[in-house]
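Chemist: Sharing a structure here in structure tokens format.
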Amino acid sequence: MTLLKFVDDEWGPLGSFNWFATHGTSMSRTNSLISGDNKGAAARFMEDWFERKGSVRMDSVGFENDGIPRRISNIIPSLHDNHHELLELAASFQSPPGKPATKTSSVARRVRGVLTQVDKPRFVSAFCQTNCGDVSPNVLGAFCIDTELPCDFNHSTCGGKNELCYGRGPGYPDEFESTRIIGERQFKKAVELFNGASEQIKGKVDFRHAFIDFSQLEVNPSKVGASEVVKTCPAAMGFAFAAGTTDGPGAFDFKQGDDQGNPFWMLVRNLLKTPGKEQVDCHHPKPILLDTGEMKLPYDWAPSILPIQILRVGQLVILSVPGEFTTMAGRRLRDAVKTVLSGSKGFGSNIHVVIAGLTNTYSQYVTTYEEYQVQRYEGASTLYGPHTLSAYIQEFTKLARALISGQPVEPGPQPPDLLDKQISLLTPVVMDATPIGVKFGDCSSDVPKNSNFKRGDMVSVTFWSACPRNDLMTEGTFSLVEFLQGKDTWVPAYDDDDFCLRFKWSRPFKLSSHSKATIEWRIPQDVTPGVYRIKHFGAAKGLLGSIHHFTGSSSAFVVA
């Protein structure tokens, strides 16, 4: 992990960016919830850690006993000691009917919005992606779900089937726990680097950017050890691409490591586009499943013109790549650029080179030449043939030399603007409705009367709701846990940003206009005892297209 710490002369630390390679696939494709995955969790943990670190006693490493930042217990004091009084107080707050709300209601109740200090910048921590192409957060390995035995090593299959081979995260079988653990590991390392940061960034701020046509790019033979000039190819996907990975297996009879293909799927492929001999030879040993670079209807199936960019901030150099480089491909690119920059005027030898992965556009994976020959998922997803990495190294070294010399670079061909041609298969929301006698925001399933919960318990409340796509609550929250302060003041305690709170939306059947939202709160171990309630914010669409916002609250309950 490489971490860049931002410090203001007046305010002190303002934030940090770090680069570490791991896929955001702790939550598998069976997850139907919107999630920032392990990197989102890590960012939330670190920002909360910083916001509270000056106001709470911490151990020498800077963590609470469970490793997760404690926050709510520092925001609101524990005002109640008599458990019987708490139960009586909670009983006086029964679930009210749902009621209309303003568009900004949920924004105003966001926990971190309430905590914002107007005269001080908010701390921002970014957990950036880098060359994660072959790095999985499912660190326990891949196992067959039918036999519990490890998958076949070379092809990631179980009895010849890829559908049964799944990777397991450290919290297996709980994906939420795996996400928390992988996020926490990145968070802890980031805090270690943040606290120990001592090297000051000095020097110029500069960049070079170019668009490159990767479909037929000539690569100097010295870059690949060849005797003649080689070329990249128009984009194409191999058979092993359809096999997926152990983080998300594919379907049918595809498997990783397939460098032959099979006649049936080649016949299906040919119905879409039959690749010519030159294209087949160019991609060898990849057997082409989809000739995406030569498929143009309704618009290009794959990009040809890609942006590459090199950024300099003092002795830190960031390589912005439009794809997922594997560990070794990323290492070779960094080493090549560092070799060009080292010892040059204005740089010296102390250079830090990082890769910013999946930047500016997306063009699948990039493997080394050797990895490409094996044709696992990543090699089959390397769009422009076996010399793709060599092309990147060649073009990035050009940018690096231009950066050293202060010379401009040719901007290159402009990519096509396809914004007006995009096709969406997502059907619009027609309307939302509730059963007769029910209002949006009414509780469908409330907490039990006189509820009394303990730390670690799960509290679940279901509301009559509407499609979340009516308003994405970008600056607000769909769900909220509030704490009763005094006799009648509700203070925001946890919202959608918190790992312990989950918002689940569903319809009774696909074409129904009725829907429900279930909010689950796993009570943290460090929660402040007291009276709480769960709140839901939403927006419903009327038959004529008008959007109206609503809110609902559960009955109050006690956390002891």
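Counting starts with 1 at the first residue shown.
Cβ coordinates come from backbone N, Cα and C, glycine included.
Automated prediction, rather than curation, is the source of TrEMBL annotations.
So TrEMBL lists these for the protein:
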DOMAIN    1-394  domain 'Neutral/alkaline non-lysosomal ceramidase N-terminal'
ACT_SITE  Ser136  active site, nucleophile
BINDING   Glu324, Tyr365  Zn(2+) binding site
DOMAIN    396-559  domain 'Neutral/alkaline non-lysosomal ceramidase C-terminal'
Chemist: Using the alpha carbons only, what distance in Å do you get between Tyr365 (Zn(2+) binding site) and Ser136 (active site, nucleophile) once rounded?
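Modeler: Cα-Cα distance, Tyr365 (Zn(2+) binding site) to Ser136 (active site, nucleophile): 14 Å.
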Chemist: Based on Cβ atoms within 10 Å, give me the single least packed residue among the recorded positions Ser136, Tyr365.
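Modeler: If we count Cβ atoms within 10 Å for the recorded positions Ser136, Tyr365, the smallest count is at Ser136.
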Chemist: Please list residues from the chain of Glu324 (Zn(2+) binding site) whose Cβ is under 8 angstroms from its Cβ, counting only those at least six apart in sequence.
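Modeler: The list for Glu324 (Zn(2+) binding site) reads Asn131, Cys132, Gly133, Gly357, Leu358, Gln364, Tyr365, Val366, Glu378, given in order along the sequence.
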